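Listed features, source TrEMBL:
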- 1-30: region 'Disordered' (REGION)
- 1-18: compositional bias 'Low complexity' (COMPBIAS)
- 68-137: region 'Disordered' (REGION)
- 68-79: compositional bias 'Basic and acidic residues' (COMPBIAS)
- 81-90: compositional bias 'Polar residues' (COMPBIAS)
- 91-117: compositional bias 'Basic and acidic residues' (COMPBIAS)
- 128-137: compositional bias 'Polar residues' (COMPBIAS)
Amino acid sequence: MSGGTASAASAGTKYSTGIRDKQSAKAEKKRAKLLAKSARKDAKYQQALAKAKAKYERDQANLKEEYNRKQHRLNDHFAKNANSASSLEQEMTRLRNDYEQEKQALQSKYERQRDARQAAWQAERNAPTGNSFANPF
């Protein structure tokens, strides 16, 4: 009879091992799903960053082109009217100052947007999601 008891105990162990394997596989599948979701979100965030950076660079280039057009317009205006060099210099200085202020404002706007986007991303990543795999640390 002891042989029958041993085989029953062995069958019970195999059964519980099978359950643990199923649970482990289920947990691993859930973990893989969460990691894939996290990777998609990260890719989306990186894409948004690249898009924002490209827009900022376009805006910077447009600002520089506008500055150059205004500079040429001023040169043409003062060349035609033969006004004094000091008037031209004053207008160029004013134009340069305006350009620098607009450039600084554009950079500040971009940095604020970037910081807000980064804070939102960090908040989303650190938010509790109710699963044990979201943040292992």
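If you go along the chain as it appears here, the first residue is 1 and each next one adds 1.
Cβ from N, Cα, C; glycine included.
TrEMBL does not curate its annotations; it predicts them automatically.
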*Residues of the compositional bias 'Polar residues' (81-90) by DSSP state, where helix covers H, G and I*: 7 helix, 0 strand, 3 coil
_What does the DSSP secondary structure composition of the compositional bias 'Basic and acidic residues' (68-79) look like, as residue counts for helix, strand and coil?_
12 helix, 0 strand, 0 coil
